[in-house]
Structure formats: structure tokens, C-alpha cells
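Colleague: Sharing the features that TrEMBL gives for it:
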DOMAIN    6-38  domain 'HIT-type'
């Protein structure tokens, strides 16, 4: 099991990586304190390792996307519908709720997403969000 501890404060779970040196950090506060001392690796070896790692991660992500394209299902949401979600004024208002945003972030970072989703579906703000998504996506216009 990999450790998810912030490399700056050594307390929180990391959620982000520094774009320069790939140091893992958990918050804006940690990023700002790290940013002051961050140095891009200057040796060719580190650059090659970093570049190789970045290429491997991007290739893995691209392969995942390509695999998704091969798995057309009835549950797949077409791009046009996703754009409707993006442009929905109701959706934007719902997403301004900090409690909902925290719940969604927790879902995205959870190792037990199914259990977290079950809890989230018991919260009125989350069901309002889910209903709005379905209303837009399932609309046949």
C-alpha cells in the first residue's frame, strides 16, 4: 500500500503534485510554502527520469481513454450531453455549494467509493445534484 502523506506538512493526505519537481502536497498552504523553495531538477538524469515518468503516466492515461472508446455502452454519456451539463446554469448554481464540492472531492479521492457514494445519496444536496445531472443527460431534446 502506497503512502499518501503530504511531503510538505507530513500530516494530510496529498492530493496534488508540484508541476516542477513532482513533490506531493495536500493544500494551497503547503503549495505556497513549497513554491518558495522549489527547484526544478537540474541534472540530466533527473530530467530524463521525470520525463520518462511523465511520458509513462500520459501513455497510461491515453491507453485508458482509448480503452474507454472501445467499450461503448448504453451508460456512456455522449459529448453533446456532457457539454449541456457544462453549460447548465442550474448545475453551476448547485456546484457552488461548498458541502457538495467537499463530498465530491471525498468521493474522487476515496478508496471506498461505493460506500461513500451510498452515503452521499442520503444527502439532499447530492441527490439534487444527481437529479439535475440525470434531467439534463436523459432529456431527449
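Cβ coordinates are placed from backbone N, Cα and C, and glycine is handled just like the others.
Bear in mind that TrEMBL entries carry predicted annotations, made automatically and left uncurated.
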Colleague: Could you give the mean pLDDT over the domain 'HIT-type' (6-38), rounded to a whole number?
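Modeller: Here the mean pLDDT over the domain 'HIT-type' (6-38) amounts to 85.
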Colleague: Could you put numbers on the helix, strand and coil content of the domain 'HIT-type' (6-38), residue by residue per DSSP?
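Modeller: The counts are 8 helix, 5 strand, 20 coil.
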